[in-house]
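**Q** Here it is: the structure, laid out below.
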Amino acid sequence: MEQTFVMVKPDGVSRGLVGAVVSRFENKGLKLAAVKLMTIPQELAERHYGEHREKKFFGELVEFITSGPVFAMVWEGPQAVKNARSIIGATNPAEAVPGSIRGDYALIVDSNIVHGSDSPESAQREIGLFFG
Ligand code: CMP
């Protein structure tokens, strides 16, 4: 069964959206396999977002993701990566369709409530980083 990594980011945790996010994955039929409430150390943040290291927003991204607790999860089920990404919605909330998490709860790209792995390979890498 495929697994994917999902986390409620500091903005989602501080706004009290953990329950709403978890409900959407449960309602869809995915199964929760692991969960961890944690504040991400700088080094882990830089590794997790390593593919964005050259982007101009990298520093702000790392600062934001380490700014408060995140709710990290592993969800599993058929095509878990694709299904999770459709529940989450487009990276930019302005483009995310209503009914998706970012479409319903977020306005701007740098605080978009939730992260989800973008491929099965990324999912295995990110699950290893957070739960390995
Ligand atoms: P996420 O799915 O966690 O993966 C990378 C994150 O970078 C993304 O969500 C956004 O929250 C964040 N980000 C910040 N600024 C930008 C930007 N200009 N374009 C894309 N992503 C951005």
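Cβ from N, Cα, C; glycine included.
Annotations for this protein, taken from TrEMBL, read as follows:
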DOMAIN    1-132  domain 'Nucleoside diphosphate kinase-like'
BINDING   LYS9, PHE57, ARG85, THR91, ARG102, ASN112  ATP binding site
ACT_SITE  HIS115  active site, pros-phosphohistidine intermediate
**Q** Can you give the mean pLDDT for the domain 'Nucleoside diphosphate kinase-like' (1-132), rounded to a whole number?
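**A** Per the prediction, mean pLDDT sits at 98 for the domain 'Nucleoside diphosphate kinase-like' (1-132).
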**Q** Whole number in angstrom, please: the longest C-alpha to C-alpha distance across LYS9, PHE57, ARG85, THR91, ARG102, ASN112 for ATP.
**A** 22
**Q** Compute the C-alpha separation of PHE57 (ATP binding site) from HIS115 (active site, pros-phosphohistidine intermediate), stating it in Å without decimals.
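**A** Checking the Cα atoms of PHE57 (ATP binding site) and HIS115 (active site, pros-phosphohistidine intermediate) gives a distance of 16 Å.
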**Q** For the binding-site residues LYS9, ARG85, ARG102, work out the Cβ neighbour count at 10 Å and name the residue with the minimum.
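**A** Ranked by other Cβ atoms within 10 Å, the binding-site residues LYS9, ARG85, ARG102 bottom out at ARG85.
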**Q** Can you list which of these recorded positions (LYS9, ARG85, THR91, HIS115) have a Cβ closer than 6 Å to ligand 1?
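**A** List returned for ligand 1: THR91, HIS115.
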**Q** What three-state secondary structure does DSSP assign to HIS115 (active site, pros-phosphohistidine intermediate)?
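**A** Its secondary structure by DSSP: strand.
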**Q** Can you tell me how far the Cα of LYS9 (ATP binding site) sits from the Cα of HIS115 (active site, pros-phosphohistidine intermediate), in Å?
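**A** Computed Cα spacing between LYS9 (ATP binding site) and HIS115 (active site, pros-phosphohistidine intermediate) is 7 Å.
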**Q** Is it possible to get the count of other C-beta atoms within 10 angstroms of the C-beta of THR91 (ATP binding site)?
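**A** Step by step: centre on the Cβ of THR91 (ATP binding site), count other Cβ atoms within 10 Å, giving 14.
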**Q** If you draw a 10 Å sphere on the Cβ of HIS115 (active site, pros-phosphohistidine intermediate), how many other Cβ atoms land inside?
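**A** Taking all protein chains shown, HIS115 (active site, pros-phosphohistidine intermediate) has 20 Cβ neighbours within 10 Å.
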**Q** Can you tell me the three-state DSSP label for LYS9 (ATP binding site)?
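**A** SS state of LYS9 (ATP binding site) = coil.
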**Q** Rounded to an integer, what is the Cα-Cα distance in Å between HIS115 (active site, pros-phosphohistidine intermediate) and THR91 (ATP binding site)?
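**A** Rounded to the nearest whole number, the Cα-Cα distance is 9 Å.
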